[in-house]
């Protein structure tokens, strides 16, 4: 049992478990891993870090691209995600203003956000299946175009409520590729030891940027009118379209199963032993460039990692030209049926790890949406009498909380994992990522309890303390989102896209339900009682991480033998 994680007694090689350090203390599985030629990071210090997953010899493999290129792709997608994520809380600050303009009650205006979230969830089914078959590039392009068009539509809706509602739904469809696929792209572009701070960055873009929107929207509505909050999104998203077209190539890649040393089970491991990879152990060259063992070929450096010569006897494909990389499609990424792929996420809700991730990420996001929906109503009346400008300013706290959550997650995700790997004799277990939930428990749950107490009596506590605890709650949300996303990518990378679909569907349907009933729930139950209930629920959800950590490896081993998708004939 390594660091409290129970070992599987039935499976020797568990998918997700990986050997990270190439030194004498590294354990082996009957010499199998030792007998393979491996690539490793040459900048990792005296003990090289084995690259997981192993990159192929194909120059078109994203893992072979220079780090600056991969970071540039993620930066463009993250900037677009910031713009796209502003869509969900776009009406939060001016809900009261729009309810008067459209002559609708508070719940009906909240549903303009609810149906938007429903559009995200429904579109996720189709888009994720499309990403599996044809890759992600065409969906990022489509999503950008849809956001531009629907934002122009929303701004021009005038006083037509149905027109605004449909514009919001299409905005949700445009947002879906970014919510569903950006985190999965981190798994496409980076090795395990590179993912922590990048996943924190992508989650900050997807969730943190949304809290800056109401700050601006309130002021925009007050000065030049609410339609310009839509038009500005169209302008900025349109400005990013050329960058997506020119500099975001396809990140999905059909890699030989033998290279996926993080997701191999025993069956695939046996397959890899008979693959065309030369069974010679990697040896680092000495300072004079000579191999310590003359019988082993000398390695050469490419970018930041070492590549062994003659690793494969197959012919290396030519590098795709820049012009061809601009095509929205570059071939199928799987031979599976599109319909089966559409249905594939449904049985995965029964997978304990994925259901845990849905709860850890989706529940706190739902509570965050709920606070955003009712925030204007809480501070509308006496004694504060907030208008849309002041309500928008209330999002300063959660925006700062999102930034702090990102920084904390970026620092802890890789740092804590590296420490645990070394204490575990160089063996990486994906359950190490679950440790971040402890920070979510402290920040997120304290934020929910504190917000309920202080928002229930704003005459005593004013606006600052509710805003402070809202910031804490958002910190916890970001930490949980990073933890669950990293765990899914590292533990179940082979079904990561479908798993992120489950997360997307759960959080958006859950949030939709809260927008439908949040206002009436608060009116009937009272702010204090309602937030005591949801904070206590969140504590229980966080505590589920303890059995998930302890039994996670057994769970991975069990579902490697009893594959839900194969059992339902969807794989």
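The chain as shown is numbered from 1 upward.
Every residue, even glycine, has its Cβ placed from backbone N, Cα and C.
These features come from TrEMBL:
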TRANSMEM  72-92  transmembrane segment
TRANSMEM  112-131  transmembrane segment
TRANSMEM  138-157  transmembrane segment
TRANSMEM  169-192  transmembrane segment
TRANSMEM  204-222  transmembrane segment
TRANSMEM  228-248  transmembrane segment
REGION    270-296  region 'Disordered'
TRANSMEM  353-380  transmembrane segment
TRANSMEM  392-413  transmembrane segment
TRANSMEM  434-456  transmembrane segment
TRANSMEM  468-489  transmembrane segment
TRANSMEM  496-519  transmembrane segment
TRANSMEM  531-551  transmembrane segment
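Spatially, the transmembrane segment (204-222) is adjacent to the transmembrane segment (392-413); three or more Cβ-Cβ distances between them are under 8 Å for residues at least 6 apart in sequence. With respect to Cβ pairs under 8 Å, the transmembrane segment (392-413) is most closely packed against 468-489, considering the stretches 169-192, 228-248, 468-489, 496-519, 531-551. At the 8 Å Cβ threshold, with sequence separation of at least 6, the transmembrane segment (353-380) comes into contact with the transmembrane segment (496-519) through 3 or more pairs. Panel annotation: around the transmembrane segment (434-456), residues 360, 364, 367, 371, 378, 401, 405, 408-409, 412-413, 416, 420, 465-466, 468-477, 479-480, 482-483, 486-487, 526-528, 530-532, 534-535, 538-539, 542-543, 545, 548-549, 552 of the same chain, lying at least six beyond its termini, place a Cβ under 8 Å from a Cβ of the stretch. Listed as Cβ neighbours of the transmembrane segment (468-489) (distance under 8 Å, sequence separation of 6 or more from its ends, same chain) are residues 183-184, 186-187, 195-196, 199-200, 202-204, 206-208, 211, 353-354, 356-357, 360-361, 364-365, 367-368, 371, 394, 397-402, 404-406, 408-409, 413, 430-431, 433-437, 439-451, 453-454, 496, 499-500, 503, 542. Between the transmembrane segment (169-192) and the transmembrane segment (228-248) there are fewer than 3 Cβ pairs closer than 8 Å, counting only pairs 6 or more residues apart in sequence, which means the two stretches are not in contact. Pairs of Cβ atoms less than 8 Å apart link the transmembrane segment (496-519) most often to 112-131, out of 112-131, 228-248, 531-551.
For the transmembrane segment (228-248), the residues of the chain that approach it from at least six positions outside its boundaries are 72-73, 76-77, 79-80, 83-84, 86-87, 90, 94, 137, 140-141, 144-145, 147-149, 151-152, 154-155, 167, 216-217, 220-221, 326, judged by C-beta separation under 8 angstroms.
Counting only same-chain residues 6+ beyond the ends of the transmembrane segment (138-157), those with a CB under 8 A from a CB of the stretch are 77, 80, 83-84, 87, 127, 130-131, 163-164, 166-168, 170-171, 173-178, 181, 227-231, 233-234, 237-238, 240-241, 244-245, 248, 328-329.
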